[in-house]
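Before we start, here is the structure in question, set down as structure tokens.
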Amino acid sequence: MVAAAAPSGDHNLIHRMAMDDPIPWWKKPNLRAMYLLLFPCVIGIEMTSGFDSQIINSAQLLPAWKSYFGYPTGAYNGILASALPLGSVIGLPLIPLVNDTFGRRWCIMFGSCVMVIGTLIQGFAINGVMYILARGIIGFGLPYAIVAGSCLIGELGYPKERPILTSLFNACYFIGAIVAAGCTFGTQQIPNDWSWRIPSFLQMAPSLLQIAFVFFLPESPRYLMSKDRFEEAEAVLIKYHAEGNPESEFVRAEIAEIKATLEIELENSKRSWMDLVRTAGMRRRVVIGSLLGLFTQLSGNVVISYFLGDVLKLIGYTDPAFQAKYNLGNQCWSLVCGVSAALVVMRFRRRTMYLTGIFSILAVYVAWTICTAVFIVDRSDIAAKLSLFWIYAFSPAYNLCFNALTYTYLIEIFPYAQRARGISIFQFWGKAAQFFGTNVNPIGTQAIGWKYLLVYCCWIAVEAILIWFLWPETSGRSLEELAFLFENREDFAQRAENAVTKTVLHLDSDKNSNQEKQAVEQQEKV
């Protein structure tokens, strides 16, 4: 199976109209207000994931945490870290039902409330079992917010900025990671259990922001139209995509395309999980979404995110203070890389970014593995320092593809009717891979040391081959046009395009008629 042909990028009317808009978003008051509001209540959802990775990574550097939980190693250490993804896997099946029945905002609210409850239990944990249970509860609520939030960003954003917004969604992971790493670095000076309890309580901060602000955002216009609430959907699009102008040609065309595409999708969908395997096109989407979930967690990033302390010990850096500073610096560097990758996503094609990123990850991992092996064999200080460099070099490579493009790509390949289920499938495989990695990595590094990195080198090479052959190009198209990316149904695509063209031509006809009428009236006055 080869990748689909890349789009020309200029044949979709909606996309052309959006890209030709000369007014930037910051000069549009309504759109600017919505984008600024998106950050605390939607884009910031992934801060919880980043916070969590560093809670475990940094906590393992705290003497009080290790003492309280009995100096966990091996499988016990793994389950302390992996309880969150295990909880996520358990909660995934019902996400599409909540998301598509009650709306994106209520799904975010539900997930955020569950995470607050889990965080409180985590902070007050009196033993390992309670700590594991609390992390499972946080994990249960997290994907509800992630799936709904990523859908809402893609469906509310103006087409010109949509890929950047969905790319920033994942970049916020590092804000949470930085806060957690910095907080734990500060609290390590506390000589009691509060050194890890304070960061544990702070993990609820992103969820509290979402609870406080999410209902200030409008609901997804596509969700509203799917529930026959057309007037509300039109009001949202007019206010934010046309700055309150009900005669906007772009919004009228956008409404026509969304309405026509939803009608086609809902006519050919039973809105069930079976839709994901009913056609060849949907099966290919599921394969890509599943592989993307695996790749985002099995490309060597979990080793750095959750077990950096073990990795640094392999190359002779055992001082907890150095490990904490290095970890904090790495998270700050990763934020810079993540935001930078998100801001250039409109400049490059999707396949170009994915392939450049995955081959860069492979090169970094091979170099890192070689340097670590040289240090262990020869005790070379230069090799150890180069290993520190390659760990930092991993971040721009990983962010270029798996961070910047993940939700942008998922929202583009899955049509509205199956978008929540598609992202849930991605979350399932991602969290399952995270659960596997957090349990296996400490065992692998303990058993075979640096040779465990060779496993990742081989696996990343397999990822590169699969991306080359399976990943289609999606840039330069509207969400509605991409709904038929894998279906050889030109009639569906043409039906949606005809609805847009007809609307635009009708508006042009009305405009010309009004101009002719005004000209006649002016002539009569003369």
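From the backbone N, Cα and C atoms, a Cβ is placed for every residue, glycine too.
What TrEMBL records for 35-56, 76-95, 107-126, 132-156, 168-190, 196-217, 286-308, 328-346, 353-377, 389-411, 453-471 is transmembrane segment. The annotation domain 'Major facilitator superfamily (MFS) profile' is assigned in TrEMBL to 38-475.
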Per the 3+ Cβ pairs under 8 Å rule, pairs at least 6 apart in sequence, do the transmembrane segment (76-95) and the transmembrane segment (328-346) touch?
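Counting Cβ pairs under 8 Å, fewer than 3, so no.
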Pairs of Cβ atoms less than 8 Å apart decide it: which stretch in 196-217, 328-346, 453-471 has the most with the transmembrane segment (389-411)?
328-346
Top stretch among 168-190, 286-308, 353-377, 453-471 for CB pairs under 8 A with the transmembrane segment (328-346)?
168-190
Is the transmembrane segment (353-377) in contact with the transmembrane segment (196-217), using at least 3 Cβ pairs under 8 Å (sequence separation of 6 or more) as the test?
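They are not in contact.
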Under a Cβ pair cut-off of under 8 Å, which of the recorded stretches 107-126, 132-156, 168-190, 286-308, 453-471 contacts the transmembrane segment (353-377) most often?
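Maximum Cβ contact count belongs to 453-471.
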With CB pairs under 8 Å as the measure, which of the listed stretches 107-126, 168-190, 453-471 comes out on top against the transmembrane segment (286-308)?
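Looking at each of 107-126, 168-190, 453-471 in turn, the most contacts to the transmembrane segment (286-308) are made by 453-471.
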